[in-house]
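What follows is a short report on a single structure.
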Amino acid sequence: MSADPARAESGHTPMMQQYLRIKAEHPDTLVLYRMGDFYELFFDDARKAHRLLDITLTSRGQSAGEPVVMAGVPVHALENYLGKLVKLGESVAIAEQVGDVATAKGPVERKVVRVVTPGTVTDTELLSERVDTLLLAVTRQRASYGLAWLGLSSGTLGLSECGERELAGWLARLGPAEVLVDDRDDAALTAALSTTRTALTRRPAWQFDTALGRRKLCEQLRVASLAGFNAEDVSAAHAAAAALLSYAEHTQGRALAHVGSLAVERASDLLELPPATHRNLELTQTLRGEDAPTLLSLLDVCRTGMGSRALRHWLTHPARVRTAARARHEAIGALMERGGEVLREALRGVSDVERITARIALRQVRPRELTGLRATLLALPALRDGVPRDSALLADLAQQLSPPPEIADLLQRAIADEPAVLLRDGGVIATGHDAALDELRGIAQNCEAFLLDLEARERNRTGIANLRVQFNRVHGFYIEVTQGQVDKVPADYQRRQTLKNAERYITPELKAFEDKALSAQERALAREKLLYDGVLDALQPQLAALGAVARALASLDALAALAERAAVLNWCCPEFVSQPCIEIEQGRHPVVEARLAETGGGSFIPNDCRLDANRRMLVITGPNMGGKSTFMRQVALVVLLAAMGSYVPAAACRLGPVDAIHTRIGAADDLANAQSTFMLEMTEAAAIVHGATEHSLVLMDEIGRGTSTFDGLALAGAIASQLHDRNRAFTLFATHYFELTAFPEKHPRALNVHVSAAESHTGHGDDIVFLHEIQPGPASRSYGVQVARLAGMPAPLLRQARATLEALEAQQAASASQIDLFAAPPPSPPREATELERALAGVEPDTLTPREALDALYRLKSLHERSKEN
């Protein structure tokens, strides 16, 4: 049986009727239905949870004549199971008991208090500390795609628009945890999403409404116009924002009070980084999908999670305009000069103010998060004083570390020094903050002292020496008197229980105390919740101030991390110039260099790279394993690091304007999308020749190797010509086709270089030593047989390969002529004129009368019709 809302409710028990009504409101979501100490799932939800979580599936009783299939998870273990479901891409609605069990007639009232989805997770245990969890909405309007994204745990809100070609690049750049799309078919969007592993949620198309989105954005940002955010002209993004904000508010069950700023990111403002570039340069993930070793893992020595998230954003969103990068370079230099390590040490104890602020707004913050916030706010003055003021950026960030003092004051007064982990455990509100709470706590905590005092007073009053005042859970508080002393009992004693050897009584004073004591703990917890809510209420107006502090701390942490990396790894400050050039002196691959240092693999060999207006392409040849790909990647990484505002691994660096980094490296089949090695190679190459400009950096590694030799050689030559002559992009073109070393002879802006190697002749055969140096001119040979020997190929196989190679080389040398790949195409043979062309050639317009001209026109028309039939 499924949880079908259309099923007649009258056939079900009252509780199942309630459940089915809730399930009908969340048909595509797993519903966790609170029942006492468990969250239960029913019917198809239970079967699915059993499969995903490996929890027990059972059935209990009947409803509508069928067994009720169910599975449950304990309340105390909710976060664990919730995390597993969200990681599997599931969305979960949590239905809590909101009614009073004591007064309920029928099932206690329940309602969904929040919906947890992969893109709207805010629970600390379910979030990655160093990655922002983004919810993205995408919709198409004519030729443009509108994008709107939200980091619910950080309060970030962004908009953009792009064309079909850039869509996959935006998905790679943002890395969303969940994508909202409308329920219309869109082949391009489906294709772009197929390259990701993100959770996909379809929403009705009417929710993606431009006017609604504009209105919701204005309401969210509390403005009358979006002009102040430069967001008036992105109507497709407004439509995406309508669905995004509605969905986020629905999942949280409340307004998003902490979202108060908006960033509009335009593709023309950012350095273009297509998905292949993210993948091939291993920016945030290795080619195997691991988090390290990557460029980000090398850079990220941040002290806080929010610093790590800021650093990741800088890396994946580098700007074409260099203003922000220059400011960061200046700040890094100042921190390297003085104060950087002191600042990093001060940041060590800073809490995640960004996420705590979001959880305050969503009223999900835990007591110990507030104590962490309090400690951070109290440490800000000393931290602020330690920030160097030698750069404008650092001075501005330091100035933002001055939140209103009443925030820390409130937290000091209201929250205990060491509160319980959860509010429900009590002991959260500080003693002295509320007199009523202190009294209730006093009753509960001083119960034993009161009983001893009452016992002493009653013994003295009655003269009964063995009188005892006690408590048990069945009868509550009582005064116990043995049967032999009953005649001394005062008149105000009321009999509560008769035992064989004693009588138990209660007095008005003890009854009054009992009423207070038995309910004191419950009332104290209720009072604490009320006071805690009051603290959160008081913090709501301070969310913007806390957000500013969080952003400043995150930026300082990221800058201090980059300064530490620059100092430890011996990086230099790049110079930006207006002339077209990429000039790198003694450049290194940062990740490879670090790995060599870690593993004791020797020193990295640095290399120069010079590209300018008259030198736009390097044709790179040399042996496999010689370092061609490493050299190409290191040039791209130096350019990217400079653009994000980092120092770079080089002795010196001058960079002109760069608008994109395109890469075609690697030969792995894309089996998931039914693309062979060669098809993937050509698809990526096509995207590059269509998208690269004279300001782009292009890496082409071994293009054409996925097909036959002649096909591959012809295509490689044509692609090189296109990039050199038409795109005019800065290009590093590595190839195993030695015929392409003739390319620079007819292309003046191209130059041959090679990675060097040396041979040594031993009794075991020719050995090869890779020197990893980039030197002028083409390589003399590829050393493929020597590399095969290093790989462990059998000696007989190597002898056969060497003999075949020598024969082929001799055959090539004896060839009388070679194909010129770069000559103009040969002229086509002359073609015999058609009857229509001959008739047209015989017409003399200047000698025709009007009548003759009309006849000629009809004759030509007739010949044309006949030619189509043939």
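Placed from the backbone N, Cα and C atoms, the Cβ positions cover glycine too.
According to Swiss-Prot, the protein has these features:
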- GLY622, PRO623, ASN624, MET625, GLY626, GLY627, LYS628, SER629: ATP binding site (BINDING)
Remaining residues near the recorded ATP site, that is with C-beta within 8 Å of the centroid of the site residues GLY622, PRO623, ASN624, MET625, GLY626, GLY627, LYS628, SER629: VAL755, PHE770
For SER629 (ATP binding site), the three-state class that DSSP assigns: helix
Most crowded position, judged by CB atoms within 10 A, among PRO623, GLY627 as binding-site residues: GLY627
Neighbour count (Cβ, 10 Å) for LYS628 (ATP binding site): 26
Least surrounded among the binding-site residues, given as GLY622, GLY626, when other CB atoms within 10 Å are counted: GLY626
CB within-chain contacts under 8 A for MET625 (ATP binding site), separation at least 6: PHE770, VAL787, LEU790
Sparsest Cβ surroundings (other CB atoms within 10 Å) among the binding-site residues ASN624, SER629: ASN624
